[in-house]
Structures are given as C-alpha cells and as structure tokens.
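*Asks:* First the structure, which I've put down as structure tokens, then a few questions once you've had a look.
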C-alpha cells in the first residue's frame with residue numbers, strides 16, 4: 001500500500017474525532033527493517049533456501065531488500081554455511097539488528113545439543129551472536145544481548161536488550177517517534193511521568209531528562225532487568241521501574257493492596273502530570289482507561305489504528321485530542337503506527 005493511500009485511509013478513520021493537521025512521518029523504502037524472520041524451504045536436491053509464506057505456501061526468496069543492511073549482508077553468507085552441515089531439521093531463521101549489532105537465531109525440530117560443536121564453530125567463523133532453539137532447549141554462542149545507540153535530539157542514548165524483548169523494528173521511525181514526544185513535552189509544564197508497557201525503556205530512558213521523576217511499569221521480568229541496566233548505561237537516577245500489571249498498579253495507587261515489588265518506591269511522592277502508554281495491538285482494556293483518564297496529559301503510542309480508535313472513543317469523553325501523528329513503521333504495507341496527545345478537558 002502506498003504511503004499516500006495509507007494516510008488517507010487512516011485520516012478518514014479518525015476524522016470524526018480529530019479534524020486538525022496530522023503530522024506524517026515517512027520511512028525509508030529499503031533497508032529499514034531491523035527484525036526479519038524466515039521459514040526454511042528444503043529443496044529436493046537437499047539444499048535449503050530462505051522462504052516466506054504466501055497463501056499458506058512457502059515461497060523461496062533470495063533477498064529481502066527491506067531488511068537492515070547488516071541482515072542483507074549476512075543472509076547469503078549464513079545460508080552457504082548452513083547448507084554445509086547445519087540444515088537438517090532446520091525450520092526457521094530469525095535476524096535481529098541494531099545500528100551496531102546483530103544476532104541470529106536458528107530454529108530446529110531436533111535435539112540441538114547434538115550439533116553444539118558445529119554451531120560453536122559457525123559462531124566463531126562468522127563472528128556472530130548465534131542462538132539455537134528447539135523444543136525446550138536454547139543454546140547461546142558469543143552472547144545474545146544487543147547494544148543499540150539512538151540519536152535523539154543530537155544526543156546519543158544507549159540501550160541493551162535481547163531477542164526476547166519487544167523491539168521497535170524500524171530504528172529511523174523509532175527515533176522520530178521519541179523526538180515527536182519530546183517536541184510535545186518541551187511546550188508543556190512537566191512534573192512526573194507514569195509510563196505503562198515501558199519494555200526495556202525505549203521511551204523512558206530518552207524522556208528521563210524532561211521529568212522530575214518517572215514511574216515505569218512492565219510485566220516482563222527480563223525487560224525490567226534491561227531497563228535498569230539501560231538506566232546505568234545512561235547514568236540516569238530518576239526512574240523507578242517496577243514489574244506490575246496495570247491492574248496491580250491501580251490497586252497500589254488506590255492503596256487496596258501492598259506489593260513487595262514496590263518496596264523502596266514511594267507512590268505518594270509522585271506528582272504525575274503525564275501518562276505515556278504504548279500497549280500491544282489489542283490496545284487498552286477498560287480498566288487501564290479508567291486508571292489513566294484521571295491524569296491531565298496522556299500520550300498514546302499505538303501499533304493498531306483500529307483499537308486506538310476504539311480507545312479514543314472513550315478517552316475523548318474526558319480528554320481533548322490535541323495532536324495526532326502517523327508513523328510509517330512498515331513502508332509499502334497497510335501497517336501504521338500512531339501517536340496521540342490528549343489533555344483533560346477543563
């Protein structure tokens with residue numbers, strides 16, 4: 001789907017809720033995707049190829065121009081080596097790239113411990129962070145954590161995460177989304193931030209300097225570990241990360257229940273002026289909307305315009321939509337990322 005067509009369709013989707021100017025951010029058309037997942041096609045001659053599904057059928061592919069340049073460079077090299085001695089029962093390959101790093105995961109329908117030596121040699125030969133998975137087993141060679149550097153407002157922000165974390169798959173657009181949020185914040189009075197679905201701190205770390213304090217929640221223990229590490233990487237001291245669901249956070253804020261995970265965090269000490277949410281495709285459930293709608297400013301990052309539209313039907317009863325932005329996360333597809341800025345009605 002062309003960019004202009006995608007924008008027109010989504011403008012129409014939100015037209016009854018928002019009739020002001022919409023900011024639109026385009027993606028590069030090639031080499032933008034930092035995560036690429038392929039199935040494996042086993043040819044009759046014994047060779048393998050990367051493949052993708054179309055109409056439930058595996059279609060072999062030779063290249064993938066929308067993938068990050070590091071992924072494109074490694075694809076043929078890796079395939080040649082897999083064809084030598086590591087293709088048996090291989091059913092998938094996953095690539096994850098950052099500006100400065102790359103990891104590759106091989107998926108097998110067999111006991112991977114039997115090929116440990118071959119995998120080790122492949123990792124050394126190609127200088128790769130290599131992960132192998134089969135049912136209930138995982139082997140890691142040369143580490144699995146990736147380092148990333150984002151350039152936000154001419155400042156470098158440092159991150160570390162692994163393949164199990166949710167990662168924005170278009171680095172260029174990710175930087176633009178973070179800067180869009182900062183542009184909004186710079187025009188407003190700011191106190192403390194509450195962030196839900198914070199992940200490994202993608203937004204949190206970059207926004208730390210714009211608030212007195214931040215309370216950030218996430219249900220994944222591994223994400224919280226990386227978020228704390230990313231605070232250290234950037235010498236940030238004003239963020240409190242805690243592993244709570246939105247329901248648990250609501251109970252804690254209402255003093256209905258105490259949590260050991262909040263030990264050392266004084267919830268009464270936060271003066272929250274802004275809430276940031278970046279939920280999964282299902283959007284916000286009613287309990288989360290009830291939790292956040294009492295706050296003056298809401299910034300909502302969405303990967304699903306349909307569920308965003310449904311949530312805004314409710315939120316717009318208490319809040320005014322001040323800004324709406326479209327981010328072309330996946331160029332030439334129907335997918336669109338959205339950002340919304342809402343303020344409590346007088």
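Just so it is clear, glycine is given a Cβ too, placed from its N, Cα and C backbone atoms.
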*Asks:* The S-adenosyl-L-methionine site in Swiss-Prot lists 168, 197, 202, 218. Which one of 101, 118, 268, 278 belongs there according to the record?
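*Replies:* Candidate listed by Swiss-Prot for the same site: 278.
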*Asks:* Which of the three DSSP states, helix, strand or coil, fits residue 202 (S-adenosyl-L-methionine binding site)?
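*Replies:* Helix, per DSSP.
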*Asks:* At the Cα level, what's the spacing in Å between residue 218 (S-adenosyl-L-methionine binding site) and residue 337 (active site, proton acceptor), rounded?
*Replies:* 21
*Asks:* Determine, using Cα-Cα distances only, which of these recorded positions is closest to residue 303 (active site, nucleophile): 197, 202, 278, 337.
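*Replies:* For residue 303 (active site, nucleophile), the spatially nearest of the recorded positions is 337.
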*Asks:* Where's the emptiest Cβ shell within 10 Å among the binding-site residues 218, 278?
*Replies:* 278
*Asks:* As a test of the contact definition, list every same-chain residue at least 6 positions from residue 337 (active site, proton acceptor) whose Cβ is closer than 8 Å to its Cβ.
*Replies:* 173, 177, 301, 302, 303, 326, 327, 328, 329
*Asks:* Restricting to the record's S-adenosyl-L-methionine-binding residues (168, 197, 202, 218, 278), give me the longest CA-CA distance in Å as a whole number.
*Replies:* 16
*Asks:* I want to check the contact list for residue 197 (S-adenosyl-L-methionine binding site): same chain, sequence separation of six or more, C-beta distance under 8 angstroms. What comes out?
*Replies:* 217, 218, 277, 278, 279, 280
